[in-house]
Amino acid sequence: MISFKNADVKNVRTRAVTQARALGGSLTAVRQSMFDALTAHADETQASALKVINKHRSSVKRVIPLWITNQISVKGATLKLVEDLALLGDISEVIIPPQGGLIEPVTFQEVPEGSVQAGEQWGILAIDAPAAWAQGIDGSGVLIGSLDTGVRPSHVALRDHYRADHGWFDPAEDDLTPTDLHGHGTHTIGTMVGSANGIGVATAAKFISCKGMNRYGGGTAADFIACGQFFVCPHLPTDPRDDPRCDLAPVAVGNSWGFIGNNGFFDAVIDSWIDAGIAPVFAAGNEGTSCNTLRSPGNAAKAITVGATNDQNQMTYFSSAGPSYQSVIKPTISAPGQDTISCGISSDTSYTSMSGTSMATPHVNGLIALLHQKKPNVSVAEVQAALIAGAQPTTPIGRTCGGIADSTYPNNHVGYGRVSAPASLAAL
């Protein structure tokens, strides 16, 4: 991954967004202004490096210019290419991208076909999504994004929800059509929008997917960033410059992946998402209830970080706790995340049960879709405020982190509490 000395991404993005808003531009206009400014900046900054890379095209696997951070992702770079790039004066570093990956579920179990209980799953009932449906709010007309291991869009619970138009990108393994050989991505999307066996929150919403991790759950910073820019202006699966459409962005992106420690590589993407009206929703991590165990980027100050609760309305034994490395109270909010039944990948009618903050996160994404149906183009700040205002107390388990007991809200175990669909809708 190549970085540049003159990568003034923050100022370029801020000017573009400010100008678009000053002109009274729509959210699409803001995204387009951001995209135009950042791509122009990247084109200028990256020109000399791309010229060198083009001379080595036959020996590299793939090149992705990352306009959102002003970097270049090169897969299969040779030593000769790195040496040639080192001769350029405008490059700050050439590194192997940091390796992260899936926040692996702590439990996984196949559910025998035909044995899924009738009615809504317990997590759907816990956040009282049916009360929203009774108001006619089911996610109709709203699009959600998933940055995960991919998706099996033919699953019976998902087949009516996949938006195929500019709906897929795979920088991890270069598949041009949607696939999920792991199962995690399909499971989380089922909780967001699934419309069979009571598994989904926003049962009429659509989704798009970017596969930032391979079939084993591994991912690199470069691939996560490539997915990050895909969601701002979705493009065709062949290349990020193939017909980018800033009018086709989702309202939120679910992220159940991370890195151990404090890694700020995704901060620029989170900032861009927020400017683009995309809620950045991240799993807290499954490192247990000890303090300061949040995954990155879930520990980022501007992330909507999600912890997990169980069917006893308690913080689960595996949900990571804050505070963040910036001393911000985290997680932001919590949601059901233990023994969650959702879509499997062994067939179009298969189901699996998983536990993890990865299972809690899509409950929040689905709820955000409901909020957007009630109030289209609601800002990320308003979304977060509604989630917080509607949060319900959980049953304390006697933990204290950052000097705050889990009976006080917000705290570093469940944040402001467990989400509630009707309460957050009423607060919006």
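Even glycines carry a Cβ here, placed using N, Cα and C.
Feature annotation from TrEMBL assigns domain 'Peptidase S8/S53' to 139-417. Positions annotated as active site, charge relay system by TrEMBL: Asp148, His184, Ser358.
Features recorded in TrEMBL, as mapped to the structure shown.
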residue : record                           : Cβ neighbours (10 Å)
Asp148  : active site, charge relay system : 32
His184  : active site, charge relay system : 27
Ser358  : active site, charge relay system : 32
Conformational class of Asp148 (active site, charge relay system) under the three-state DSSP mapping: strand
Assigned conformation of His184 (active site, charge relay system) - DSSP reduced to three states: helix
Nearest-integer angstrom distance between the alpha carbons (Cα) of Ser358 (active site, charge relay system) and Asp148 (active site, charge relay system): 10
PLDDT averaged over every residue in the domain 'Peptidase S8/S53' (139-417): 97
Cα-Cα distance linking Asp148 (active site, charge relay system) and His184 (active site, charge relay system), given in Å to the nearest integer: 7
Reduced DSSP assignment, Ser358 (active site, charge relay system): helix
